[in-house]
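Asks: Can you keep this structure in mind? I'll have questions shortly.
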Amino acid sequence: MAQVRSLHVSIGMITISGGSLLLLVHNYASSPEKAFIPNTALGILLLIIAVLLAYAGIRRSLSHGRLFATLCLTLSALWCGSGLVYILAGQNVLQPLELRSALIPGLAAFTLALLIIGSVAVIEKKTVLFLIAVGISLACAHQIAGLVAAGFGQSATAANYLLVCLLGVYFGFGRLLSTITHGKVVPPGTSRQSKTGVKTEQNQGCSDVASVGLVMNLLSASILACPLLGVVPTLFVGHVPWLWTAGVFQLGACVLLYRAMDTLGATFYGFAALLKFAEGYSALLTFYGIQTDSPVPFPVVFSLLFFTLALFSFQKSFLEGLYHLFFVAYCIALAVEPQGFFQAGTQGVQGAIFVVSAGMLSLTAYNMVSTSMVPTGSGYFKALVSRLQKITLRAQDKEQHSPYLGYSKYADAEVLGHACSVLAAFAMTATLGDRNPLSVLVLPWVVVAGGALQLLCGSVAFSRGKSLESTVFILYGMMWTVWGLTRYAGLYGETRGLNLAVGIIGFILFNSLVIVAAMFLNLAWFAYALTFQLILISFLLDALGVLPFGYDIGVTILFGVVSFYCFLAHLFNSTFQVPQIPLGKPLIKLSGIGGGSKVCPHLPARKASSVQQIAEIMKNGGICGMPTDTVYVLVAACNRPEAVVKAYNVKKAAQDRPMSMWISSIKQLEPVRHLLSPLLLDFMEAAWPSSISMVIPRGPWMDIFGLGDAAKHIGTPQSIAIRNPDCTVATYLISQVGPIAVTSANPTGEADTTHHNQVYAKLGNKVDGVLCDGASPENIASTVVDCTKIETGHIGFFRVGIIPKTKVLKIFEEVQRRHQQGQTNPAFEYDLVLPSTQREANPANKA
């Protein structure tokens, strides 16, 4: 793992050095009259470097390299945005004089952001990161000077990038020297180990992702505030790359925050990304001479969503809740001014957001690396709720997002999904009149919010095993995208007819199935799907040209209200344990097994409490799916004969694939040790735990484990297979339950089960519990060794699996050698002379 993390750091440093070298050469060799590298080529190279940096930053973020991840992702956004601007200039979309107005606002934002990151690096005593961040920050500042006064500051810009390149060479040389000397010689600043150690999860949290999101807010605020300050004339097409880069990176932050189980943070940056795409869309339309118009309904609705989210964000910290309120003011400013992003009121609010975002970035980055954190009011909300009676705050941990089926690394995305439905619905209420459809700011809210973000929410829901929710979000996302592009982007213009209606009918039929499925979930989802069906009907009537006046507006408002209720309910219920906003019971419940009367628990195998819960199920006669050192298996406690019979019937095992017996250690054979061969026990001691199954003679010793009549289902009339798996989860469970009967977790004749979700998919609701541990470590079954005639000095093989035959023979030969020298099994002290009755009962003697 340490080598993988070091690799990501090395990739990031090499990429930073490569980008700096590219800009060094370009700035040093260019003149005011002619650029050394053509703008298009420079832009493409910067985009490639930005992608590599984003990869390194995301990988380091997932492995807790917080500050370095923040630096990589910030530089990736810088070079992505500027690269796109250079491409526009190279393709003559931007005139030479417009390049200055396009670059300065973005460079100004990153100058400040990198300076803040560099200052924090000093606190963490990361000299190399400090010099890189400050060096590129100064390079951006000198580049701004060069754009203001032609030719001024180009040499200084090149000099700063030269410093970054030299730091990259020093870092690479230091890592190489450390590897060659096996860590004996480590130049300062290149150590793989952090001097400050690994900070606690509570302190670190997901601050690196939040820091990148704050940088993107800083970037968009700089773009919007610069026209107000007179730095640039107005918002125009040259600012689109910066704004859409910020939107894309905030969508990435949204996904990473879902992975960090932070629903509130993910929802906030999903909202912020929508604003960035809307701002970029407005700037893009200026290229076509279209003046945008911002209708009142949906900015007001968006401000209400932001305000609701801000109230619940106070539970994370007081400052974060206040910060979100600035975006409430921003949405209100959009609602009161018809041209929205182009007017002074909106730009003034963005100026305030710029200042506040810089302060929040400094505070977040400092708390990310410092051992003495600046208080942000994180306990105020909890203290307030604790004083209120009949209100219980829900614990904000990963258990809150336990998946419905299987194991997921993501939090619930229903809050953002329903919020996007609210935005899309109220955006559709905007009337066009005689205006150009593109001039009304509907597309960003319908196509991006209702379409792209709902597809993202559907993907997250799918990863959590929520089939219905993922289907709904993906289906509705596709519908909002298609309808937004056709009706408001003018793709079909005035075209109406049966051809358009056929496609909408297809959506109606699909949604009819969703409505039926939602009846088995709860009342809220049923109302959600039913009201969307009314919207689909309005689309159909519009396509046929028979839409009644006001019907479409009425049903979209109704759907928006239902969506807002679902948004508020999921947000409220994820915050408070008591009380809960009701979502309603299922309208239809099936009777019998699988009809909701019994839910098969799917528990993470990495928790001892989960294993104990499965153990209790097995002690009460249940059968469960369990991970092993090979594939997943179906298990039952040997002392519950009815469970063994149930497992056998569920599996429908064939006679050539009987069940086997597993133990946690040979200590569990203590009650029957006098009935087994000493050589066999020696071999078990040497070979286990491992993926080796031993076939041994059947005997009366099996009755001791409480199998009763179910013993006939284990092994054959002559022998049984016994095994001690090399799997911590399996051995811990067996130690809690006792010896278990085992069969593969798949119907006879089908492939082995290699993932916990396949257990449920193949065996359905016939199992009583599943321990979930993701994909199996191996897809090869165990090696089955014939030990029925071990006393003759020979063993055979029924199946050679993951353990090679040569390794098994080597272990047996060593055991034989020790046994011949008179060494006994260290686990037991055998009697030198067994009673005659025991010798007769020993199946090995009979063989």
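Backbone N, Cα and C atoms are what each Cβ position is placed from, and that goes for glycine too.
Please treat TrEMBL annotations as automatic predictions, because they have not gone through curation.
TrEMBL lists 7-29, 101-122, 129-152, 158-177, 214-236, 296-314, 348-369, 438-462, 468-486, 498-520, 526-546, 553-572 (among others) with the feature transmembrane segment. Positions annotated as domain 'YrdC-like' by TrEMBL: 608-803.
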Asks: With pairs restricted to those 6 or more apart in sequence, evaluate whether the transmembrane segment (214-236) and the transmembrane segment (468-486) have 3+ C-beta pairs under 8 Å.
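Replies: Contact criterion not met.
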Asks: Just to confirm my parser: what is the rounded mean pLDDT across the domain 'YrdC-like' (608-803)?
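Replies: Average per-residue pLDDT within the domain 'YrdC-like' (608-803): 86.
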Asks: Would the transmembrane segment (158-177) count as touching the transmembrane segment (553-572), if touching means at least three Cβ pairs under 8 Å and pairs must be 6 or more apart in sequence?
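Replies: Between the transmembrane segment (553-572) and the transmembrane segment (158-177), which are separate recorded stretches, there is no contact, as judged by 3 or more close Cβ pairs.
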Asks: As a test: from 296-314, 348-369, 498-520, 553-572, pick the stretch that has the greatest number of Cβ pairs under 8 Å with the transmembrane segment (526-546).
Replies: 498-520
Asks: Go through the chain and flag residues at least 6 beyond the ends of the transmembrane segment (101-122) whose CB is under 8 A from any CB in it; none is fine as an answer.
Replies: 67, 70-71, 74-75, 77-78, 81-82, 85, 88-89, 94, 129-134, 136-137, 140-141, 143-144, 147-148, 211, 215, 218-219, 221-223, 226, 231-233, 236, 238-239, 241-242, 354, 358, 361-362, 365-366, 368-369
Asks: Residues of the same chain, at least six outside the transmembrane segment (468-486), with any C-beta under 8 angstroms of its C-beta?
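Replies: For the transmembrane segment (468-486), the list is 413-414, 417, 421, 424, 428, 442-443, 446-447, 449-455, 457-459, 461-462, 492, 500, 503, 507, 510-511, 514, 517-518, 521, 525, 528-529, 532, 536, 539.
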Asks: Would the transmembrane segment (7-29) count as touching the transmembrane segment (553-572), i.e. at least 3 C-beta pairs under 8 angstroms with sequence separation of 6+?
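Replies: When sequence-distant Cβ pairs are counted, the transmembrane segment (7-29) does not touch the transmembrane segment (553-572), since fewer than 3 lie under 8 Å.
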Asks: How about long-range neighbours of the transmembrane segment (296-314): same chain, 6 or more residues beyond its ends, C-beta under 8 Å?
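Replies: Tertiary neighbours of the transmembrane segment (296-314) are 264, 267-268, 271, 274, 320-322, 324-325, 327-328, 331-332, 334-335, 340, 380-381, 419, 422-423, 426-427, 429-430, 445, 560, 564, 567-568, 571-572, 575.
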Asks: In the same chain, who gets a Cβ under 8 Å from the transmembrane segment (7-29) while lying at least 6 residues past its ends?
Replies: 35-37, 42, 45-46, 49, 52-53, 55-57, 59-60, 63, 65, 68, 72, 75, 79, 132, 135-136, 139, 143, 146, 154-155, 157-158, 161-162, 164-165, 167-169, 171-172, 175
